[in-house]
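Copied from Swiss-Prot, the annotated features are:
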LIPID     Gly2  N-myristoyl glycine
REGION    2-113  region 'Intramolecular interaction with C-terminus'
COILED    22-54  coiled coil
COILED    149-222  coiled coil
REGION    151-222  region 'Interaction with VPS4A'
MOTIF     201-211  motif 'MIT-interacting motif'
Amino acid sequence: MGLFGKTQEKPPKELVNEWSLKIRKEMRVVDRQIRDIQREEEKVKRSVKDAAKKGQKDVCVVLAKEMIRSRKAVSKLYASKAHMNSVLMGMKNQLAVLRVAGSLQKSTEVMKAMQSLVKIPEIQATMRELSKEMMKAGIIEEMLEDTFESMDDQEEMEEAAEMEIDRILFEITAGALGKAPSKVTDALPEPEPLGAMAASEDEEEEEEALEAMQSRLATLRS
């Protein structure tokens, strides 16, 4: 506390160093999320291969869509890392300016990067907090609340799924699936005949496993 109970402002250099530390911490969080999603994707690939061997086209399609969602999430996380690197570079520049001018300067590069970062759900809270601190320090201007994802995101995902599903299945099954989705069952091995009760139990177990896998992927992406 300063005189008369007022909070003393931190020196600009200390602020910049604190922001840099927070950003590096968030980058490590993003790295972990990317690794978790990619590990789960490997499990999905194995499930696609198993489903293809059993002739379960519908299961393959559902899993392929999950992979598309996961890859899209990973792509966004990599983009967020690039933006965080831009902010870190901006912080280095601020320290250089501080040594010469004695004060922090407004930065359009940092502003643009932070505008993108506050839209990433995984790091949104921290980035909003940093944005407020940077606005107070005069590095960036007040940002408008235009941080909502496109309302057409789900629709775009479905369209992308239709476009990418052949490629994903072809890639995972080494050509057994993917060229013609409406005809893939013709090229798939016939499932081994099972008793009615055994087949029903297997289907229930597979459905439960599929739902569990979808739930894990959704949790990692949220």
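Just so it is clear, glycine is given a Cβ too, placed from its N, Cα and C backbone atoms.
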Residues in the region 'Intramolecular interaction with C-terminus' (2-113) grouped by DSSP into helix, strand and remaining coil: 96 helix, 0 strand, 16 coil
PLDDT averaged over the residues of the region 'Interaction with VPS4A' (151-222): 59
